[in-house]
Amino acid sequence: MDPNTVSSFQVDCFLWHVRKRVADQELGDAPFLDRLRRDQKSLKGRGSTLGLDIETATRAGKQIVERILKEESDEALKMTMASVPASRYLTDMTLEEMSRDWFMLRPKQKVAGPLCIRMDQAIMDKDIILKANFSVIFDRLETLILLRAFTEEGAIVGEISPLPSLPGHTDEDVKNAIGVLIGGLEWNDNTVRVSETLQRFAWRSSNENGRPPLTPKQKREMAGTIRSEV
């Protein structure tokens, strides 16, 4: 196993532990708590994939961080922080909408690269909006935290989430997954639109009807997925 993979996991475990202590002291805001909950699932998946114990990894990560901090000067820390571009966290959904449990009458699930797409095939003839919480850097979608499909009544009927065992995805991965979800929902005569915020930062454009400008390749993939998966 690559030692850098192990050390990266160890440091991530320790930093999650520190963030959890911050949350326990009620010092974290809603985006902070969102990321904490999602990262916990990701770490469990990575630990299972790597065959590493999280508690042991956390202790090892603490030693790595302590060693680095002893070597780090305040001036070097300031320069490092100044050179790193800051990402923004955008929220279409409230904390309640993100954390709410939901179930499917006719469940369908598909893995598209590092993302998992879930939808309820029992939903028909509904107006649906896709909302997402995600981070943005350089005015472009950086990391999807969670996307959910809501009916006008507020019911959750679909979802796109990162796979804990496959961390890391691109904006193209997200757009392709959205295309698959839209196609699956429209197969049952639902009308689907995407939130203006998500359109703006994923596609850098927005349409009044809420439809993102899917590429011909995405349309072909969407159509093929509908025929074979839904």
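Quick reminder: no glycine exception, Cβ is built from N, Cα and C everywhere.
Pulled from Swiss-Prot:
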type	residues	note
REGION	1-73	region 'RNA-binding and homodimerization'
REGION	180-215	region 'CPSF4-binding'
REGION	205-230	region 'Disordered'
REGION	223-230	region 'PABPN1-binding'
MOTIF	34-38	motif 'Nuclear localization signal'
MOTIF	137-146	motif 'Nuclear export signal'
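Outside the motif 'Nuclear export signal' (137-146) by six or more residues, the chain places 34-35, 38, 85-89, 93, 98, 115, 159-162, 169, 171, 174, 198, 201-202, 204 with a CB less than 8 A from a CB of the stretch.
DSSP states for the motif 'Nuclear export signal' (137-146), grouped as helix (H, G, I), strand (E, B) and coil, give 0 helix, 8 strand, 2 coil. Taking the motif 'Nuclear export signal' (137-146) as a whole, pLDDT averages 87 in the prediction.
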